[in-house]
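Colleague: I have a structure here, written as structure tokens, and I will follow up with some questions on it.
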């Protein structure tokens with residue numbers, strides 16, 4: 001393993017794998033708070049010298065992503081005070097006349113399209129709070145809605161270069177274009193979305209029933225009653241949220257970091273609600289303040305990033321990927337299929353961004369080696385990475401930042417979406433998607 005490792009000894013690489021697996025299992029069984037589990041695993045890796053503390057805090061602890069996530073949590077929490085999310089949820093219920101599965105499909109398709117045009121995380125940040133409020137009003141479990149929306153966001157993001165970070169990394173290396181992606185991957189994405197919705201209907205469709213008496217009660221409520229009567233809060237909150245969303249949409253033109261845009265919106269909303277903050281400190285209610293800090297999940301993500309970084313630094317991901325690729329013995333067809341499934345497995349366990357970043361130079365090296373004895377195009381390998389990460393990132397809640405963010409939002413609302421019950425549904429669906437993608441690959445992409 002040392003030829004793939006950047007520094008640690010063999011025992012440290014093995015220790016990194018054991019620590020990560022142990023932490024992963026602890027998070028799954030939910031015996032302890034996942035924040036303490038992630039931080040504990042990260043600290044243990046640092047103490048054992050598996051990853052240098054300097055590298056952990058500068059390279060693997062992605063501060064831009066952390067700032068972005070924490071800011072989104074603050075925005076989501078404070079924006080709810082305007083009542084606009086509850087208003088939107090009530091409107092959706094009335095428009096679709098309390099047809100839960102129709103609402104599920106509508107929100108899921110919106111998530112897929114938004115992910116393709118913007119990015120999955122931004123789509124989730126906008127849609128999930130409305131989803132949670134809508135299901136709460138209908139007295140239905142948000143779990144099937146969340147699973148459908150998360151799978152849709154991950155799959156929809158695969159259709160364009162801007163849809164997810166994996167595509168952006170590959171596009172930045174000038175390996176494929178947006179036009180090629182839409183032509184080659186677009187039909188597969190539509191097919192997989194249809195399979196997801198069919199599976200959700202088969203599993204939950206007949207259970208999404210609302211009693212007639214409750215239907216009348218919900219439909220009798222006027223959406224306007226959910227809006228706050230505080231005009232300063234309503235106008236100010238909506239103006240700040242609108243300006244933040246507009247800045248996200250114009251990010252390419254403005255050239256601003258997404259994390260700074262989100263942080264600006266969060267600070268503005270905190271300033272709008274400064275009286276609540278003053279009251280908190282006047283009462284010396286530091287427990288509530290600390291509880292609010294924990295709810296942002298920033299420390300959980302920090303610990304998780306460092307643990308994933310420890311695996312990368314120890315060479316685990318590179319070792320598994322390269323050894324797996326060696327099994328192909330030069331066959332592009334076998335190599336593409338193997339990489340598709342290997343990528344799916346890798347991105348289901350850890351966030352797909354570091355995995356993709358590690359695999360790009362490996363594939364480039366394979367291309368150089370193959371061109372020395374044949375003129376075979378390596379483009380199918382890029383399709384393997386894109387499709388593999390799109391499906392694999394939906395297998396577990398740890399496959400993408402957007403999934404982890406949605407799970408944290410659901411936890412705040414008591415939504416009941418935990419890693420175990422998510423995997424029990426998303427895992428089998430994703431397996432079917434991998435089989436379909438493999439057949440599509442064989443027929444159209446090789």
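Cβ atoms are placed via backbone N, Cα and C, with glycine included.
Below are the features I grabbed from TrEMBL:
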- 24-388: domain 'Citrate transporter-like' (DOMAIN)
- 9-29: transmembrane segment (TRANSMEM)
- 35-53: transmembrane segment (TRANSMEM)
- 65-89: transmembrane segment (TRANSMEM)
- 101-131: transmembrane segment (TRANSMEM)
- 143-165: transmembrane segment (TRANSMEM)
- 185-204: transmembrane segment (TRANSMEM)
- 260-278: transmembrane segment (TRANSMEM)
- 299-322: transmembrane segment (TRANSMEM)
- 334-360: transmembrane segment (TRANSMEM)
- 381-402: transmembrane segment (TRANSMEM)
- 422-445: transmembrane segment (TRANSMEM)
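Neighbours and distances for these, please.
Modeller: Within the chain carrying the transmembrane segment (9-29), a Cβ under 8 angstroms from the stretch's Cβ atoms is held by residues 1-2, 37-38, 40-41, 44-45, 48-51, 307-308, 310-311, 313-316, 319, 349, 398, 419-420, 423, all 6 or more beyond its ends.
Under 8 Å from some Cβ of the transmembrane segment (35-53) lie the Cβ atoms of residues 7-8, 12-13, 15-16, 19-20, 22-23, 26-27, 60, 294, 297, 299-304, 306-307, 309-310, 313-314, all in the same chain and six or more residues away from its ends.
Long-range contacts of the transmembrane segment (260-278) within its own chain (CB-CB distance under 8 A, at least 6 residues past either end) are made by residues 67-68, 70-72, 74-75, 78-79, 81, 232-233, 236-237, 240-241, 243-244, 247-248, 251.
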Colleague: Would the transmembrane segment (101-131) count as touching the transmembrane segment (422-445), if touching means at least three Cβ pairs under 8 Å and pairs must be 6 or more apart in sequence?
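Modeller: In this chain the transmembrane segment (101-131) does not contact the transmembrane segment (422-445) - fewer than 3 Cβ pairs sit under 8 Å.
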Colleague: For the transmembrane segment (143-165), what are the same-chain contacts with Cβ under 8 Å, counting residues 6+ beyond its ends?
Modeller: 103-105, 107-109, 111-120, 123-124, 127-128, 131, 134-135, 171, 176-178, 181-182, 185-186, 189, 192-193, 196-197, 200, 203-204, 208, 352-353, 356, 386-387, 389-391, 393-394, 399-400, 402-403, 406-407, 410, 415-417, 421-422, 425-426, 429-430, 433
Colleague: Near the transmembrane segment (65-89), which same-chain residues lie under 8 Å Cβ to Cβ, leaving out any that are not at least 6 residues past its ends?
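Modeller: Distant Cβ neighbours of the transmembrane segment (65-89) are 121, 125, 129-130, 133-134, 136-137, 223-224, 226-228, 233-234, 237-238, 241, 244, 258-260, 262-263, 265-266, 269-270, 272-273, 292, 295-298, 301-302, 305, 401, 405, 408-409, 412.
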